[in-house]
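For reference, the structure is listed below as C-alpha cells.
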Amino acid sequence: MSVKVKKIERKKMPLLERIYIFYIIAGMARTFKHFIRNLLNTKNIEFLEYPEQKPDDISPRYRGLHRLTKYDNGELKCVACDMCATACPAKCIFIEAYEVPSSKEKAPKVFNIDLLECVFCGLCVEACPKDAIRMDSGIFTKVEGSRDSFISDINELSSRKRGEF
C-alpha cells in the first residue's frame, strides 16, 4: 500500500517581499512619527520628582513590601506551614519552624524573605491558609546600601504595619 502525495507548487516571492524592506520602512516611519509627536508635545507630560514626591495615585491592590500579621494578643498568625515558600516561584522565602510547647501548632523561628529575588507576584499571600503574610504595608520602595539589608527577617516583617494608600 503506497501513500499518494500531492505536491503543491508555490509561486516564488518577489525580491522586495523576501527582504521585507517595505515592512521595515513602514515600521520605522511609524516609530519616527511617534518620536516627533512626543518630542513636540512636552506640555502635557506630568513629572514626578520621585524621591521627594511620592505618587498619590497608588491602587489599594498595590503589592508593596511584605508584612507578617499578628493576633490581637501579639502572637504571629504564621504557623510555619511552609506553603508560602512552596508557592513562591522565585524561592526567596526561607522558613525554619519550631514546636511551641504550650500549643499544638508550630511557629517560625526564622522567616526570611530575600527582596532582591522576590518578583512581588503575591502567590505567597494567596497560598497562606492563616492570612499571616500580606503585601499591603504601603512601603513603595526600599533603599539600602548593601545586599544583606534586602533580606527581611522575622522581626522586620512583623514590625511593619498596614499602610495607607
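Cβ coordinates come from backbone N, Cα and C, glycine included.
For CYS78, CYS81, CYS84, CYS128, the entry in TrEMBL reads [4Fe-4S] cluster 1 binding site. According to TrEMBL, the feature [4Fe-4S] cluster 2 binding site maps to CYS88, CYS118, CYS121, CYS124. Annotation comment: TrEMBL describes 67-98, 109-138 as domain '4Fe-4S ferredoxin-type'. TrEMBL lists 20-36 with the feature transmembrane segment.
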Candidate binding-site residues CYS88, CYS118, CYS121, pick with smallest Cα gap to CYS128 ([4Fe-4S] cluster 1 binding site): CYS88
For the [4Fe-4S] cluster 1 site built from CYS78, CYS81, CYS84, CYS128, further residues of that chain with CB within 8 A of the site's CB center: VAL79, ALA80, ASP82, MET83, ILE95, CYS124, ALA127, PRO129, LYS130, ALA132, ILE133
Folded-back contacts onto the domain '4Fe-4S ferredoxin-type' (109-138), same chain, C-beta under 8 angstroms, at least six residues removed: 60, 63-69, 76-81, 83-98, 147, 150-154, 157, 160-165
Neighbours of CYS88, CYS118, CYS121, CYS124 excl. site residues, C-beta within 8 Å of centre, [4Fe-4S] cluster 2: CYS84, ALA87, PRO89, ALA90, CYS92, ILE93, ILE113, VAL119, PHE120, GLY122, LEU123
Binding-site residues: CYS81, CYS88, CYS118, CYS121 - member with fewest neighbouring CB atoms within 10 Å: CYS121
CYS118 ([4Fe-4S] cluster 2 binding site) versus binding-site residues CYS78, CYS81, CYS84 - nearest by Cα: CYS84
DSSP residue counts for the domain '4Fe-4S ferredoxin-type' (109-138), split into helix, strand and coil: 5 helix, 8 strand, 17 coil
Reduced DSSP assignment, CYS84 ([4Fe-4S] cluster 1 binding site): helix
CB within-chain contacts under 8 A for CYS78 ([4Fe-4S] cluster 1 binding site), separation at least 6: LEU68, ALA107, PRO108, PHE111, CYS128, LYS130, ALA132, ILE133
Alpha-carbon distance [CYS124 ([4Fe-4S] cluster 2 binding site); CYS84 ([4Fe-4S] cluster 1 binding site)] in Å: 4
